[in-house]
Amino acid sequence: MPTSNIALAVQAKLTLKKASKTNPLPLIVLFATDKGEILGNLEHAEYIDRAGALIKQANFKGGLGETVTDYALHATDFPAVTIIGTGSLNKLADNIAKVAKATYQAIKNNKSAAILWGDTICQRHFTQFVIALLDGAYRFERHKAKPKDADAITNITIISNKDEQQDYDAALAFAIATDSGIVQAKDVANEAPNILTPSQLAKAAKQLGKDFADSIDVTVLGEKDMEKLGMGCFLSVSQGSDQEGKLAVIEYYGKSGKGKKAKLDNPIALVGKGLTFDSGGISIKPSAGMEEMKFDMGGAAAVLGAMRAAATAGLELDIVAVLACAENMPSGSSVRPSDIVTAMNGLTVEVLNTDAEGRLVLCDALCYVQENYTPKAIIDVATLTGACVVALGSHRSGLYSNDEDTLFALENAGEFINDLAWHMPLDAAYDELINSNIADIQNIGGPKGGSITAACFLQRFIKEGQAWAHLDIAGTAWISGKDKTSTGRPVALLTQYLRSQAK
Ligand code: BES
Ligand code: MN
Ligand code: ZN
């Protein structure tokens, strides 16, 4: 199961057992601002006094991420104290993740730590903090001959306000559930594409069904099944690859319960682009950086992760998730530029560029969920366009929607959990650019507004009145370069959105 091996708890009061060789005292963590103000819970005056003295002694400035530890005074009967700088209190809301990362670095070599949570930091920031803290423990060491040992830290206690204990417990459980989804997404996204093939990605979905046999059902369609359904757009992408394309359908019965003849009740539908490798096909990509196209299944990874998080949190709503898993390769059987293919709903598409393949697998997946369910809303998630990276960089995902409620709910979820998105347009003037003179639609809209025309393409497959949103995560799903790694985004945004929709 993809979870970290750290046990976390929230307690109203810090209670220290007597130290022994096998049970060392935890490291006590406090936060201090750049004004020297300690954000500790006032019930723990002894540590606050101690931290105050340490700030003076160590000439600690409270800058963001600055850390000082009082090892010198560490006696067997009194724990060591670490202070983490938060920088300016006014800006703390934007810097929670950085404070959490610094905290993880400060505590990782201790067996246990107790964090004195400040009164001035709210629930929302607490949730963000825990997610970022656990994220610090993430490793992808599977392919190393000698994997590094896990960090020493196995127990973290967060000392909260007594009167809000239940709220903190709920927030903690949600944060841990979200982390399990982020770990799931990262584990599949970081995997090499010769190992994580479309079939293997579908298998990861199957595994989720086994892990949550009481609430999740998984069905995997192969290429023969998709042929029967008329998913010509999807199949045009995978036809050039030796790897079979798969459509993994994950049903989560969080509201209606998984009975014998259970049917999902107005589920939220999530659809993820799962290109386990995108070479571009016949419209082949340049070699430099092509290796990063193993992350082109980041949308499917995030959807899979959000499903794990939703099931772990036991969210009370029904969800259907579809992972469109395929590989885009050049070969004698590849789709060619100018080929015309037909989607499940009968619309024809002229493939002008085989590298615009994400929209081709997604349009059939979008048809599939509308054909088989009555979704309350559909959210698709895709590493869809380089143009989105140009527009928004790596900070915010592109967010498109035809429905105000869905738009606001996703924007708010992103703000709440610090996994941000930015609203982008879908004007008819952009949509016109994908009209084909020979088929219903063409799969590219020309050099300008590439993220927008891609979104317009997807919208052509959304039925009248169907609430829908599209997240272009090309810039946010992974970090490029030597330290390339999946970010696990936007699992947190999706999970928080699902939580906001649960009743
Ligand atoms: N997976 C890519 C998008 C991408 C590119 C994500 C770079 C992150 C970084 C997608 O399949 C693609 O190739 N899109 C093309 C579309 C174009 C041919 C209209 C692109 O963005 O160049
Ligand atoms: Mn492509
Ligand atoms: Zn792609």
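Residue numbers in this text run from 1 along the chain shown.
Glycine is no exception: its Cβ is also placed from the backbone N, Cα and C atoms.
So that you can see what the record holds, here are the features copied from TrEMBL:
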- K285: active site (ACT_SITE)
- R359: active site (ACT_SITE)
- K273, D278, D296, E357: Mn(2+) 2 binding site (BINDING)
- D278, D355, E357: Mn(2+) 1 binding site (BINDING)
- 353-360: domain 'Cytosol aminopeptidase' (DOMAIN)
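Counting every protein chain shown, the Cβ of D355 (Mn(2+) 1 binding site) has 19 other Cβ atoms within 10 Å. Taking K273, D278, D296 as the binding-site residues under consideration, the smallest Cα distance to D355 (Mn(2+) 1 binding site) is found for D278.
Across the recorded positions listed here (K273, K285, R359), the residue whose Cβ sits among the most other Cβ atoms within 10 Å is K273. Among the recorded positions K273, D278, D296, R359, residues whose Cβ is positioned under 6 Å from ligand 3 are identified as D278, D296. Between the alpha carbons (Cα) of D296 (Mn(2+) 2 binding site) and R359 (active site) lies a span of roughly 12 Å. Look at D278 (Mn(2+) 2 binding site): DSSP puts it in a strand. Residue counts for the domain 'Cytosol aminopeptidase' (353-360) under DSSP (helix as H, G, I; strand as E, B; rest coil) come to 3 helix, 0 strand, 5 coil. The record gives K273, D278, D296, E357 for Mn(2+) 2. Within 8 Å of the mean position of their Cβ atoms, the other Cβ atoms in that chain belong to V237, G274, L275, M293, M297, A326, N328, G358, V361, A382, T383, L384.
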